[in-house]
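Structure first, then comments.
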Amino acid sequence: MPRLNERREPLGLWSSVFLSNWFFIWVLPILARSRQSGIKNLVFKLRQAESARYNADRLEAAWNMELELPASERSILRALRRVYGVTYAFIGLYKIIWGIFTWLSAYWLLKQIINFITVRVANGDSNNGDGHHYAIGLLFASLASSIAIHQLYSECNRVGIQVRAACTALVYRKSLKLSVIRGGAGEVINIYSTDVSRIVDAVTNFHFLWSAFLEVIGIVIIAWTEVGTSALPCLGFVILLLPTQMYLGRKISVLNRAQTTVTTSRVHIMSEILTAIKLLKFYNWESPFDEKITKIRAREIALIRQGMIVKAINFTVVFAIPVFVALSSLGMYVGTGNKLTASVSFTVLSVYNTLRYPALMLPLAVRSTAGAMTALTRLNEFLSLAEVVEVEAKLPPPGSNLAVSIKSSSFKWDGIEAAAPATLTDINIDIKRGAKVAIIGDVGSGKSSLIAAILGQIRQIEGNVIDVYGSTVLMSQEAWLLNVTLRDNILFGKELNRAEYKECIRVAALQRDLTLLIAGDKTEIAERGANLSGGQKQRVSLARTIYADKDIVLLDDSLSAVDQHVGAHIFEECFMKYLAQKTVIVSMNQLQYLPRMDHIIVMRDGKIAMQGTFDELLKNPGFTDFCQQISAPVAEDGIDEEPFVPLNQSGFELPQDTEESESKDASTYQIEDQFSSRDPVLAADAKNMIELNQLSVMSKNQMSVRFRDLNETTIRRELEKDAGTTMRSMGSRHDLAAAVRRNELSVYSTADVEGLDDIINERKGQLVQEDTSAASTGFGDFKTYFRAAGSSTEPTAASYTAPQVRPTPTGAGTGVTVAVMVFFFLVHGVRIGSDYFLRLWVPRVGGFSDSFYLGIYGMLTVVFAIGVLTRGLLFAVLATKKAAFLHDRLFGAVIRAPMSFFDATPLGRVLSAFSKHQLHTDDTLPDAAMQGLQYAPLGLGALILCAVIVPWNWAPCIGLVIIGGAMVKLSTPAETKTKAMEAITKPPIFNHLAATLEGLFSIRAYHAQSRFDDMNLEKLDYNHAAMMAAMNVRSFQALYLDFASSFVVYFTALLLVLAPNSSDLSSVTGLALSNALQMLVFVQWTVRMWGEVQSQMSSVGQLDYYAQIKPEAPAVVPSNPVPKLWPDRGNITFDGVVLRYKEGGVDVLKNICLNINSTEKIGIVGRTGSGKSTLLTALLRIVELADGVIKIDGIDISKIGLNDLRSNIAIIPQEPVLFVGTIRSNLDPFGKSSDAEIWAALDLVQLGDKIRAMPAKLDTEVVENGKNFSLGLRQCVCISRAMLGGRSVLVLDEATAAIDVKTDMMIQESIRTGFRDKTVLCIAHRLETIIDYDRVLVMDSGVVVEFDEPLTLLDKPGGVFADMCRASGNIAEFRDLALKAHEERMTRGGGVVAGAVAGAVSRVE
């Protein structure tokens, strides 16, 4: 067996020999390699003609010709025709060839064989020569028609892939240039996934549109030739058939578009729910989102049911029309005095059977073409959108020292209403080369817009040309990271210069972070940096910005997410020293750094209120007022390093790459030099600490650090010692997943640890759990689907929040499912019976009159038609009930899942269950199953009929079934693996697009468009190679199944020719061959649909997997309701509280004992990972306690329902989240507050006037993720949200980190006013915000180290809080504020006696 990491020569996806292409011989190496090795060894190579770059360049050149025309005359369809039209037109010849050979066999050769046997029987002749020739002709005609139709499919798929590559790449290139994307990223992703796919579907199916009319005309002509005027009913039915099928095709297209719209809305809401699931649980907002999903799902199910019913009607037309046409034609033929013969009856029946082909494909072709026309219109509009005009870097004029110059300019974001005022007005700035420039202002003043203007990312509506002298680079406000390693995020396409890279790591304060990540800078960063804290993401983004080494560095609020001492380090080491020779333009809220800046720009309402040096601006009273809260300069010792952890060490070394040093572990940091000169013991301890921090065990096959001679006691001791570092590494966003990952090791016993030397290090650095949801359960998935919605179906373990999402059994279980499947076969038995009765009619078996035979035949025809419609409708109802049940079961489980599930499961996986896998269960699976159940009885019935009524035909039939089964078995591994490759290589395309759109400003600022386009083209080629391989493997399988069916036709004809003469031999021949010829299409389609059902059934397994999540505690405990006004006082006690993120894991909170009095204001501080946020996690029961009790107003919160608890605690989270809707719906989703109350809450956070100035006021639209509001404004909305409802306990989790100091101080005053009589717990980002609180709680490593009045803690010798204040450089000012607050409390008589701590302070030795 080859090793997994071996790379073989890529397999070509073409052949230069036409016979190899016709017979798909070139596919055999793919089949062979698929059977021998895994997916990793399947590497395919596209021809240049199929490569994304080649096709994108050709279509772009054709589209550029269109751009020379007026916008109204441009046509992407004309551009596509210019590139692919001639090739595609010639492919249509295969359809004509297929038609010729199909009717040659279904009409002429069939008629000749029947006539031959009729004559032979009549003459009593035994000569079989001509009959054998006709049988051979039938074989070759069948083989030729099979080759032609599969060449048509293959070549259409090939052109489809070329069109897909060209359109997708063109859309991506356009996205890189857009100034604003209407509809957000979802709009572009929709074009990528839906519109481009519709165009490709049309490419695949368009040849069936025009050919359907030719085929129908041909059938009418043949029928007229055979039965003369008796073909008039055929003509009549055809005249009805074509418009009906076109209408059904358009109807299905309309329903599909409507369903897509509704599904997209549902997925958007689910994306919001999953993205902000912690917020929903904090706020107890599951119920309004339950209602949203339930309503939209009801509309979706209604559309799905309508679509399935229309498809059922379509199949009724397809299968019933041929028999009705045959009935009416033969009835008219006999009624006009003609004698019914085997030649006439079965030839006409065979010809009419071919009506199924155009009838089956016409609705699909109409639907595809209609969908493509809509998609092409949208694509035209998208490609004609306005593009950004980037500012080009220039060389400065001689003698000029300017870096940026903007004169009398105004700017406006594209997409804003024309009547709306300009975003920036009358901007005049001159920034000198090498200057350090600060842009300050309150929330929404235009700081970020000014940076965008310098980069040319916002449209200039008036003013002189912007002059930028030098290359630029941007660090955006919201850190933007790619799903690659941390190192690749920093290098961003540049070559590694170890010295420069190492220095960037140091000045960006990333040294300590690299020691805490499992694989250092080789750690894979999850989507959107989900496995990093907010501060870590921002520092990585900063490191990338400065490593780019550009002349002008623009930083948008780069210090907002970092601790104060880290911010001081970055300002000093990075801004002032490392970037000393660069022009640095930074928007900031940290006013204490302004005295060090060369130039300051103060923004207000989109204008420059003032600008100048710090000393110049101090003379302006307005600036003095603005900066009245300014902090003193940062102390020199502001960088507070932790023992043994490198944070700012010049001796810190990067890990050696594998190719550089095989002898060193790639993740072990060489730090001995830092400590060896001090103390060898410390050096050893430091190294051990770093190695321990790299343990991140998600499952036993992911253990990536080798260690020997460990036992369970040792592991636990070391983990307990490491717990502090573990928690600190979680970052400021209290990423529970980080702690979960590091705690996993403790659940393994000694036996689990043994043999770690043998475990592969391959997954080191991948911080996301391995996905086991997609693991096939074989027949188990079928069993789940069959049982779904049955009366005996047991609900999952999930406890549902609302009755509307509880799945209701609807009697559609296993018994009903099996009965409906059997009914499909019974109905087709009626059809076979009607054909057999025709065989009895011709020789007058029984001696009855023609009217009797016609009446029985007509009755069987009507019963068959009713049966076909009934089985289709039954299946439609059954499938929609199962889809509805599986969704409700999944949603009920996920919405009630504990946070530990979401922390350990990537959002994309769960969202995929609600989007892709639910779509498969709703639409793709039922569609494939319905087709399979329609085709299977036809193919199987024909095979059994031929085997039974033709003497000795059972032997070749069995032999060919075995050969066909062997062919399916041979090709199945390749089909499965190539489809898996296609599925695996598709998400990176969409991830890359989403990452690109999210970081569009940064990509342009780095001038990396070409590199990102190359990455996109590479990902497209990987996916399209796998897609083409999968398509051709399917074509190979289908072709050889058709070949097997062709030989069934041949042996049937041959054995009939050789059969002894009998009176009914002609009728038997007609019956057997007319049925056998149907196998050519429907056998391989049955196998194809069965394979589709098998592959789609794994989606049912995914829904079932997530539906079995163990739920969190009950939402409501009926036996223990809380008092109506609880909590009325807000007294909170922690008694011996111990919390672990995982059962058996380390203690993250350790024996916490404290009492918080009613209406007290408590500030909570501590280093990153000290347990501050975990306290709030425990209070809201996001994670249940391992030990101890928390009581609010004397009630044990573990005994009450989660709804009762969370709905009575107001929280303001760290990360501001707004949902799609309006400002009103974001503030009050339950509609419980009046407008006056809402406006009062907005006024308290200084937001009322801004909202009143908006045209729609409270009904102003909020787009996805609230992107139409600044980060600070979004946080203000979240704060005012918490102020509604009148709850007695308020929790703030670093809620004002993204807000400028001035707004922060106003909000703090609003909190003091609005929550004067409430209990407030505030995790502090800025120490000045909590210095006047009643008490301060200092946490470290999950332990309470100090808890007292701020004044008492400041006066405590060697106190931790005092040290933190001293490090900020403001301890004197802090003490004055604390003293003032203490005196006010004493005056009110509510002071806390210094040193009297209500709860015992726990310390772990």
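Glycine residues also receive a Cβ, built from the backbone N, Cα and C atoms like all the rest.
Given the structure is predicted, the values throughout are model-derived calculations rather than measurements.
Per TrEMBL, domain 'ABC transmembrane type-1' is recorded for 104-371, 818-1095. Under the heading domain 'ABC transporter', TrEMBL lists 406-630, 1132-1366. Among the features that TrEMBL reports, transmembrane segment is placed at 12-32, 83-110, 134-153, 206-224, 230-248, 312-335, 355-376, 812-832, 852-878, 935-963, 1038-1059, 1065-1087.
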So which of 206-224, 230-248, 312-335, 812-832 is most in touch with the transmembrane segment (852-878), counting Cβ pairs under 8 Å? 312-335
Mind looking up the mean pLDDT for the domain 'ABC transporter' (406-630) in the predicted model? 84
Are there at least 3 C-beta pairs under 8 angstroms linking the transmembrane segment (12-32) and the transmembrane segment (83-110), leaving out pairs fewer than 6 apart in sequence? no
Looking only at residues six or more beyond either end of the transmembrane segment (812-832), which have a C-beta under 8 A from one in the stretch? 319, 323, 783, 785-793, 860, 863-864, 867-868, 870-871, 874-875, 877-878, 881-882, 885, 933-934, 936-938, 940-941, 945, 1075
Do the transmembrane segment (1065-1087) and the transmembrane segment (206-224) share at least 3 Cβ pairs closer than 8 Å, excluding pairs fewer than 6 residues apart in sequence? no
Long-range neighbours of the transmembrane segment (1038-1059), counting only residues six or more past its ends (CB under 8 A): 23-24, 105, 113, 116-117, 128, 131-132, 134-136, 138-139, 142-143, 146-147, 149-150, 153, 943, 946, 950-953, 956-957, 960-961, 963-964, 967-968, 1065, 1068-1069, 1072-1073, 1076-1077, 1079-1081, 1083-1085, 1087-1088
